[in-house]
Amino acid sequence: MKLVLVLLVSTAWTFTGAQYYYQGLMDYLENRLLAIEDRMQLWHDQSHRYHTELLDFKKLTVEAMEGIKNEHGLLFKDLEGAALRVDRVEREMDYVETQTSPRACANKADKVVEQGAWGLQESRGEEEEEEDWEELYSRVSDCVEIISGIRSVKILKRVGSPKGMWTRDPRSSKVYVFNGTSGDDVYQFDSVRDFSRSPGVTGSRRLVLPSDWIGPGSAVYNGYLYYIQQEADTDVQVVKYDMLSGSMTDIAMFPVESQAAVYSLNPETAADLAADDEGLWLLYATSDSEPNIYLAKMDPATLDIEQIWDTRCPRENAEAAFIVCGTVYVVYNTRLASRSRVQCIFDVNDMVISEEAPLLYFPRRYGSHASLKYNPEERQLYGWDDGYQIIYRLTMKRKLLV
């Protein structure tokens, strides 16, 4: 009986302890769930707050972007206005420079390398000396003009590659286009008007030459085409081509190193032929180490060299050159193309002094000149500027006889 009582009491205590244990566990779980609910409520409140802040930030961003867009539009308009004003100022500067050109330094012909064509012998009599001086004066005074400014500019069209050459035959109205820096073909147009109206080079007569020309240094003179030919590791050759018969009539070797370029900004120009009132000329560099540009007077019939000068005009930063009345005008620029300018002049007749030689600026256009060819009949320059064909009309004045 006592044993049964003890068992009942023990069982009661055990049941009571288990009940307390489960009750404590339930209380613990309930507290943890409440804590989780509190945290979830906190996360919900924070998420709502972040969402509200994000919407506010988005609204502010949209407003800021609208403001930036409006300011960008106003800035763009201001820049357009500034560009128009700068362009107007440049045109006014071009006009002022053409009216009052600053002076440049002209190199005289006392730097002649090969002289003697006009030399007078002391043993001659006074009569012969007077005749020689009269002959000399007549030869010199056949062309006594120097450029005083650029009167107008006409952009004709854009054809072909960034580099090339175009010119007009002084004895006819025909125009010749050399596209690129080498090739065996030339495009012939009947006139400047036909060239300007034609789309590209369509409507032209394609002349196929017997050999490749190299560089934009060709010239048209008295119905003949003179161009530079150069094969690998050979001297420069001047080729005379009869455009009427379509045949090569003469060729002459010229002592120029194959790697020497006459203009540092146009390394494709191994030599540059030019024609003016006094005949046919060749601008070149004797070697790559030679700093100056050399000038040769050529016989257009035989391609013989009559005389050679050191112009003392540097090759560095030179982009092109042209010859007017026996005066060499070398055009300079920078490697980052800016405004082309003539800042070195050399007169073979020694009739240009420093005080009268203008520093000519070309109106700023596109890039730099690949070639400039003078037409003595029209007193115009035919320029190739980054693929654009441009005509510069020049104003002239008489040289001072010194």
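Each Cβ is built from the backbone N, Cα and C atoms, and glycine gets one as well.
These figures come from a predicted structure and were not determined experimentally.
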Cysteine paired with C143, where TrEMBL records a disulfide bond, from C325, C344: C325
Residues near C325 (disulfide bond) in space but at least six apart in sequence (CB under 8 A): C143, V144, E145, I146, D276, D277, E278, K399
Per-region confidence, the domain 'Olfactomedin-like' (142-398) (mean pLDDT, whole number): 88
